[in-house]
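Student: Sharing a structure here in structure tokens format.
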Amino acid sequence: MSKSNFTRRGVLKTGAVAGAGLALPTYLSAAAHTGFTNAPGDSEVVLGFNVPQSGPYADEGADELRAFELAVEHLNGGGDGGMLNTFSSNVLDGTGILGREVKYVTGDTQTKSDAARASARSMIEKDGAIMISGGSSSGVAVAVQGLCQEAGVIFMAGLTHSNDTTGKDKKANGFRHFFNAYMSAAALAPVLQSLYGADRNAYHLTADYTWGWTQQESIAAATEAIGWNTVNNVLTPLAETDFSAYIAPVLNSGADVLVLNHYGGNMVNSLTNAVQFGLRDAMANGKQFEIVVPLYSELMARGAGANIVGIPGSQNWDWKIENQLGSRYAGTNAFVQSFGTKYGFPPSQAAQTCYAQTLLYADAVTRAGSFNPCAVAEALEGYEFDGLGNGPTLYRAGDHQCFKDVVVVRGKENPENEFDLVEIVEVTPAEQVTYDVDHPMFAGGALGECNPGA
Amino acid sequence: MDAIILQTLNGLDKGSAYALIALGLTLIFGTLGVVNFAHGALFMIGSFCAVTLSRILSYSYEIVDDTRTDFLGNPMKVDIPYVHSWFGESAGQTIIDWSVPLAILFAIPIMLFVGYVMERGLIKHFYKRPHADQILVTFGLAIVLQEVVKQIYGANPIPTPAPPAFTGSLDFGVWLGFDPNTIIYPYWRLVYFFFSAIVIAAVFAFLQFTTFGMVVRAGMADRETVGLLGIDIDKRFTMMFGIAAAVAGLAGVMYTPINSPNYHMGMDFLVLSFVVVVVGGMGSLPGAVLAGFLLGILQSFASMNWIKDILPGIDQIIIYLVAIAILLTRPRGLMGRKGVMED
């Protein structure tokens, strides 16, 4: 005699579990009828801004968020319009994106890849974000870019400087406006040669993650090409706050230059420690000991205070560049005016790249006439534009990297005010920092196919 | 040789912080029998006492300087600290520059009060509860305190420099016959080491040479007997909680120029300080101090490049490896007493 295991309760349980399982990938099913993930309705479109609100890059994250808010305000027709008035493309008219009001949600990456992915996933799946932007850590950017590729949304990277973001980890759905470590090295090396000569011994302290590795590799290659010797490269944990144990051995290492491949709070702390240990006043190998910070920012200069005076580095952009170098960098003053009026201080380079990325996304959607990520990607690939503060810029189709001039700076000796901490030494033209798509430092990955999601 | 001396010096400041925090932890455990996971938060609050005093002293009013323009081309708004107006620019700036040492006086009453409120308001209700409950509630309290600080001061580290007189560094190597610039050590880290030594000595002297201290020590040894003698030992233990909080707070105040205060710094030190207490021996005050300096210096040595070349990442785990080794060979820690946490 057979006995059935089916019960009423068992069937109900099984049904409930199966129903929940089928309903789980809501972002895929919701968008299925339109052919891509999180297709917006007729009235509004949601963008997701994923920035570090805690951790060593929290300063940059806060400024990125301000810039995103300002960009959304301008896209919706608020404020003075900022760079909409100077952007070489004139399709954005302050009525949102394709007639939809722009809404946004924010997340805290905590400068950790897992937290950043969880935050981005939540914005895509729960809030219906059709584009994710933000950054300040390349580890985070690479992780979130991968997620966006899988989910079928566009990732407009914020501050991410690792070669890998548009190198071995590049993705068809990901786009980077910010410059990269190779470009920093290419711009900085000739300036370092003229400042400190060709006979130098460099000691590198390097943040132990993708950005630090590629920056160290790029700077070492560029400085060795001008005759410098790399004495040592010591990796430091990203979460480190006291670098004294790493700084202490530098003076006795035979080095006469310390290269700090650190950024944000890391750089403020390591530079402060280096100054505390007397490196800036020391002599080594018969020369004045020097410190180099390849990736610079006004925010870091503010945190480091007087310690940063005279130290060279590179930037993606500087808020004084249009005033000092003219209308080639149009858009800068418009952005500084908008941002400064709203927040009371000038924007950082992190803010500028995030603002530009938001406008570039809106512009690409408008030119494509569609929110479909593949149509947007096609509109961005090979796109040449101007008027966003960096001069003529190309979004290269082969790797989704922007190519534009690089600003070489150093800490200003006698600042005129609390925001005038960095002086522009020179601007390196885009042609001098351009490289082939298959350059060895960027090899190992492929863009792949654009993923529209559903 | 110079590298060994340099790393020994380098370990002293971190070891000083471990020792001070572990000393407070041990005082609380020895007197009240409570495992206080909120002790790192007290270190953090001490740091923010320095930040707060610095902000109070720098409190300013705004004037408009028509002769200069700001970054937007508008007349420049200039902040003038009130102390500049009251004491003159030079004396006023000196007061602001010395805000960290001055914060010692500011922090002591605040930390005593915080400790008193923490003990009377929450921790006393957990005296008779299992250690697991005490750990959970104090850990929860630590999270609440750090989130409160995060809300008030933000998530970013706040640079709080040492007075200009202590911002340079000492060419220590010259004193020992080495070439100039061989062993450089920042003045403030030396100040921190000596300050810690004084605080530790003061705590031991207080316990050893005062009547109050003798009663506390007697209570630590046999609480019931001291109670039967008609002494209100609970009141004294509450005061010891306040003193332990003040010790952690002072450690935090003086650490601000070394490491910019941030809301998470207490947690960073807490876990390591607990390892220090365990290695030193639960309930042993000299053990806590000894283990603090020992592990601080060991951590510094593990950061030497040639050691990391052989054992990559050793600087991140050395303290835990040493703790395992010591607990395997001396289960009660370096100076632990029989019967403590063995019930």
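Residue numbering: from 1, along the chain as shown.
The backbone N, Cα and C atoms fix where each Cβ goes, glycine too.
Automated prediction, rather than curation, is the source of TrEMBL annotations.
These numbers come from a predicted model, not from an experiment.
So TrEMBL lists the following for this protein:
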type: TRANSMEM; residues: B:16-35; note: transmembrane segment
type: TRANSMEM; residues: B:42-61; note: transmembrane segment
type: TRANSMEM; residues: B:98-118; note: transmembrane segment
type: TRANSMEM; residues: B:190-216; note: transmembrane segment
type: TRANSMEM; residues: B:236-257; note: transmembrane segment
type: TRANSMEM; residues: B:269-298; note: transmembrane segment
type: TRANSMEM; residues: B:310-328; note: transmembrane segment
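Explain the structural surroundings of these features, please.
Tutor: Same-chain residues lying 6 or more positions outside the transmembrane segment (B:16-35) and placing a CB less than 8 Å from one of its CB atoms are 42-43, 119, 123, 126-127, 131, 134-135, 138, 192-193, 195-197, 199-200, 203, 216, 219-220, 237, 240-241, 243-245, 247-248, 250-251, 255, 269-270, 272-274, 276-277, 280, 282-285, 287-289, 291-293, 295-296.
Residues 17, 21, 24, 79-83, 85, 95-96, 99-100, 102-103, 106-107, 110-111, 114-115, 145-146, 149, 153, 158, 160, 244-245, 248-253, 255-256, 261, 263-266, 269-270 of the same chain lie 6+ residues outside the transmembrane segment (B:42-61) yet bring a C-beta within less than 8 angstroms of a C-beta in it.
Same-chain residues lying 6+ beyond the ends of the transmembrane segment (B:190-216) with a Cβ under 8 Å from its Cβ atoms: 12-13, 16-17, 19-20, 23, 27, 31, 162, 166, 170, 226, 231, 233, 236-237, 239-240, 243, 247, 250-251, 254-255, 258, 285, 289.
Same-chain residues lying 6 or more positions outside the transmembrane segment (B:236-257) and placing a CB less than 8 Å from one of its CB atoms are 16-17, 20-21, 23-25, 27-28, 31-32, 39-40, 42-51, 100, 103-104, 107-108, 110-116, 118-120, 123-124, 160-162, 166, 188, 191-192, 195-196, 199, 203, 206, 212, 215-216, 219, 265-266.
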